[in-house]
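In what follows, a single structure is set out as structure tokens and then discussed.
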Amino acid sequence: MIEFAVAGANDPIAATVPWLSLSILVPIVGALLVPFIPDSGDGKQIRWYALGVTLITFLITVSAYLNGYDPSLSGLQLSERVSWLPDLGLTWAVGADGLSMPLILLTSFITSLACLAAWPVSFKPRLFYFLLLAMDGGQIAVFAVQDMLLFFLAWELELIPVYLLLAIWGGKKRQYAATKFILYTAGSSLFILLAALAMGFFGGGTPSFEYTALAAKDFGSGFQLLCYAGLLIAFGVKLPIVPLHTWLPDAHGEATAPVHMLLAGILLKMGGYALLRFNCELLPAAHAQFAPLLIVLGVVNIIYAALTSFAQRNLKRKIAYSSISHMGFVLIGVGSFSALGTSGAMLQMISHGLIGASLFFLVGATYDRTHTLQLDEMGGVGQKMRTMFALWTVCALASLALPGMSGFVSELMVFAGFATDEAYTLPFRVVICCLAAVGVILTPIYLLSMLREIFFGKEKQELVSHTNLVDAEPREVYIIGCLLVPIIGIGLYPRLMTDSYSRSIEALVGRDLGAMERITQPTAPLIRGQAPAVPAVLSAPSVPAS
């Protein structure tokens, strides 16, 4: 049985198009066809083919948003349901709501730019682009599927391409970084499988793993706490949460520029999305008790990673720890019981995806010219690479949350949402906000000092001998320009993004607040006994644009 339900479709034809299935299958089928693409030996035809596939995928996701997605609805849209293995409860079920649609668009957008960033790759280009396209389909599937077993399969599918992209095209320690990545991520994925099976078979009868069926089940509080803890570990590795983060600096330290963009731009967001989708939406009673822990872990992420970034002399590792620090705001937003704070967490994921991808692409472009990642060996290249310096400066300012940039809006929404969240006691809110503010202060210090060490001062003798200290080429300017357009656009007018998911966030927060009200004895005195009312509408957050 095949069912389509494209809510909000603008025309009858759009209502019959399986947009999300196409966005998953086009890159996967495109990857399977890569071995059959004729090539003259330099990989040129394969590059253009892969770029075409990623652009088609991006256009499909944009068409899905324009023709079949209605931001004013909070429920599931673009639904597709095909009975697969009914005896085992397996169904091909995909759909999109405010939690997933923005991330689907982000995935297809960044992957198309990563494909363009991979243009200089000359070693085994056929295999490289095969893995890149397979990863694209797997990541879109993570956000689009509506069945927990399918989610697990998609989660595992994208791990294999990342492992091979690290192990084959990475740096000197690529085998170590790739092995550490797969051990952390694949090992923690076992908790997802166990939780999926436990939740699917809960209550007896025919098992069902669809999100709607799981949300309708009345899980006991002890069962919810156990599943929540396991899923928190699995998703905490991918986010990542300190101390489950150590794979990320090693992976970033050895990855190439396009893999950097996919890791920072998309992979980390899978952890944040999964926390909202499963821990908050399907296990609300457990979330009401774990939320203070998420807040504390978020502060640890912000401060610890910012301080560690200070000590890094390797450019890639410095930006990697900066990413971990910024993802701490996602944890605080997810742990808040306010629509504004949770909306800020969602916007922070999108904002960091764009900013992180731009910074890591610039790291790769800089390494191609200087052939070093050590800040001690850099300096004085600003005169020879003025455009590159300008691109670095704008992206660094975006990362330190300059007003008018998307990072400023998202972090301010998290702060404002948590600070005004009456679900927590006032002393707890004051302490958390003050500690998180320390990370905000540290960020411009280590980012601006990094720019000074790269571009200012006296040029090192080792760099003088290089003849390839050329300025940014048009391809590089185009990639950064494409990333800066939404960064600045969201910073100046946040409703460009917040309107696409505000209704879903309100519904999610309302569910969590309802669960908190049913808890008669909170796990800690950090949470008040009485929950506040859910904010009525979150269309345009009251955040200054500049």
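Every residue, even glycine, has its Cβ placed from backbone N, Cα and C.
As given in Swiss-Prot:
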- 48-68: transmembrane segment (TRANSMEM)
- 103-123: transmembrane segment (TRANSMEM)
- 127-147: transmembrane segment (TRANSMEM)
- 149-169: transmembrane segment (TRANSMEM)
- 181-201: transmembrane segment (TRANSMEM)
- 256-276: transmembrane segment (TRANSMEM)
- 290-310: transmembrane segment (TRANSMEM)
- 327-347: transmembrane segment (TRANSMEM)
- 348-368: transmembrane segment (TRANSMEM)
- 389-409: transmembrane segment (TRANSMEM)
- 430-450: transmembrane segment (TRANSMEM)
- 477-497: transmembrane segment (TRANSMEM)
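Counted as Cβ pairs under 8 Å, contacts with the transmembrane segment (327-347) are highest for 256-276 among 256-276, 389-409, 430-450. Listed by sequence, the residues of this chain that lie at least six past the ends of the transmembrane segment (477-497) yet keep a Cβ under 8 A from its Cβ atoms are 102, 113, 116-117, 347, 350-351, 354-355, 357-358, 361-362, 387, 391, 394-395, 398, 403-409, 539-541, 543, 545-546.
Within the chain carrying the transmembrane segment (103-123), a Cβ under 8 angstroms from the stretch's Cβ atoms is held by residues 20, 23, 27, 42-43, 47, 50-51, 54-55, 57-58, 60-62, 64-65, 96, 129, 132, 135-136, 139-140, 143-144, 168-169, 256-259, 261-262, 265-266, 269, 273, 349-350, 353-354, 357, 361, 364, 368, 475, 478-479, 482-483, all 6 or more beyond its ends. Non-local neighbours of the transmembrane segment (181-201) in the same chain are 89, 148-149, 151-152, 155-156, 159, 162-163, 166, 207-209, 214, 217, 219, 223, 227, 230-231, 233-234, 236-238, 244, 246-247, 250-251, 278, 282; each lies 6+ residues outside the stretch with a CB under 8 Å from one of its CB atoms. Cβ atoms under 8 Å from those of the transmembrane segment (149-169) belong to residues 89-90, 92-93, 121, 123-124, 127-128, 131-132, 134-135, 137-139, 141-142, 175, 177-179, 181-182, 185-186, 189, 192-193, 196, 200, 209, 251, 254-256, 259, 262-263, 267, 270, 274 of the same chain, restricted to positions at least 6 beyond its ends. If you look at the transmembrane segment (127-147), the same-chain residues 6 or more away from its ends with a CB under 8 A from one of its CBs are 20, 23-28, 30-31, 34-35, 46-47, 49-50, 53-54, 57, 61, 76, 79, 90-96, 100, 103-104, 107-108, 111, 114-115, 118, 121, 154-155, 157-158, 160-162, 164-165, 168-169, 209-212, 258, 262, 266-267, 270, 273. Counting Cβ pairs closer than 8 Å to the transmembrane segment (256-276), the top stretch among 48-68, 290-310, 348-368 is 348-368. Counting only same-chain residues 6+ beyond the ends of the transmembrane segment (290-310), those with a CB under 8 A from a CB of the stretch are 225, 228-229, 232, 236, 241-242, 245, 275, 279, 318-319, 321-332, 334-337, 418, 424, 428, 432, 435-436, 438-439, 442-443, 445-446, 512, 523-524, 526-527.
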